[in-house]
Amino acid sequence: MSASVVSVISRFLEEYLSSTPQRLKLLDAYLLYILLTGALQFGYCLLVGTFPFNSFLSGFISCVGSFILAVCLRIQINPQNKADFQGISPERAFADFLFASTILHLVVMNFVG
């Protein structure tokens with residue numbers, strides 16, 4: 001059982017490293033960072049508490065929103081999805097990501113108080 005799991009993981013890593021464009025790898029690293037940051041915030045909330053509740057919610061909403069926006073960007077700039085997003089260039093997708101991210105963080109900063 002464990003040998004097949006190791007085989008699947010190693011094959012996945014080989015294919016990911018060989019066939020994924022560098023832009024997507026960079027975006028995946030950003031997604032991993034956001035995921036770990038959100039998990040760390042949630043763990044802190046469970047262990048220590050949520051005394052400044054608005055601050056916790058703002059940080060966590062920022063992580064979740066940023067993750068969703070980055071996943072949308074990844075989907076749009078993936079070369080395999082080019083047929084689905086014919087009218088949207090990677091530069092336009094990135095500009096949309098920056099605009100939406102700016103709006104998200106303005107809302108988050110407003111929520112902090």
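Placed from the backbone N, Cα and C atoms, the Cβ positions cover glycine too.
Going by Swiss-Prot, these are the annotated features:
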| type | residues | note |
| --- | --- | --- |
| MOD_RES | Ser2 | N-acetylserine |
| TOPO_DOM | 2-30 | topological domain 'Cytoplasmic' |
| TOPO_DOM | 74-92 | topological domain 'Cytoplasmic' |
| TRANSMEM | 31-51 | transmembrane segment |
| TRANSMEM | 53-73 | transmembrane segment |
| TRANSMEM | 93-113 | transmembrane segment |
Secondary structure content, the topological domain 'Cytoplasmic' (74-92) (per DSSP, counts of residues): 10 helix, 0 strand, 9 coil
For the topological domain 'Cytoplasmic' (2-30), the number of residues DSSP places in helix, strand and coil: 27 helix, 0 strand, 2 coil
Tertiary contacts of the transmembrane segment (53-73) (same chain, 6+ residues out, Cβ under 8 Å): 27, 30-31, 34-35, 37-38, 41-42, 45, 93-94, 96-97, 100-101, 104-105, 108-109, 111-113
Cβ-Cβ neighbours of Ser2 (N-acetylserine) (radius 10 Å): 6
Positions on the same chain near the topological domain 'Cytoplasmic' (74-92), where near means CB under 8 A and six or more residues out: 21, 23-24, 27-28, 31
Contact set, same chain, for the topological domain 'Cytoplasmic' (2-30): CB under 8 Å, 6 or more residues outside the stretch: 70, 73-74, 77-79, 90
